[in-house]
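Following: one structure in structure tokens, then a few remarks.
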Amino acid sequence: MVFCVDTSAWHHAARPEVARRWLAALSADQIGICDHVRLEILYSANSATDYDALADELDGLARIPVGAETFTRACQVQRELAHVAGLHHRSVKIADLVIAAAAELSGTIVWHYDENYDRVAAITGQPTEWIVPRGTL
């Protein structure tokens, strides 16, 4: 089992409520990221040195591919969200649609702390998992 980690999970990884499970998944090579998440994490770097250290850390994780079919699937899900409940498509960020599509197409589980993935999973039926129960962080 591989988790497609969302930025929300990454930023909570050091919290005591998350750390044990995160480290277990990391040591089992169960953590992967797509390039969208990589860009978001690297955006948060505070210096060039911090950027390079983060990039090195991210290089050790499994890469979840993002290609044209990922964007096609993200568009399909966005359309379904628009049709299920008027303007519901506007409640899910574009990045989250792409990350969810990458996870779905690669057969990985979105690991997150973000309710947007519940909305997407209601449409796709794909597996997602909160890093800790919703509302506990």
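Positions of Cβ are set from backbone N, Cα and C atoms, glycine also.
Swiss-Prot lists 4-126 with the feature domain 'PINc'.
Sequence-distant neighbours of Asp96 (Mg(2+) binding site) (same chain, 6+ residues apart, CB-CB distance under 8 A): Asp6, Asp114, Asn116, Tyr117, Val120. Annotated Mg(2+) binding site per Swiss-Prot: Asp6, Asp96, in sequence order.
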Cβ atoms near Asp6 (Mg(2+) binding site) (within 10 Å, other residues, all chains)
27
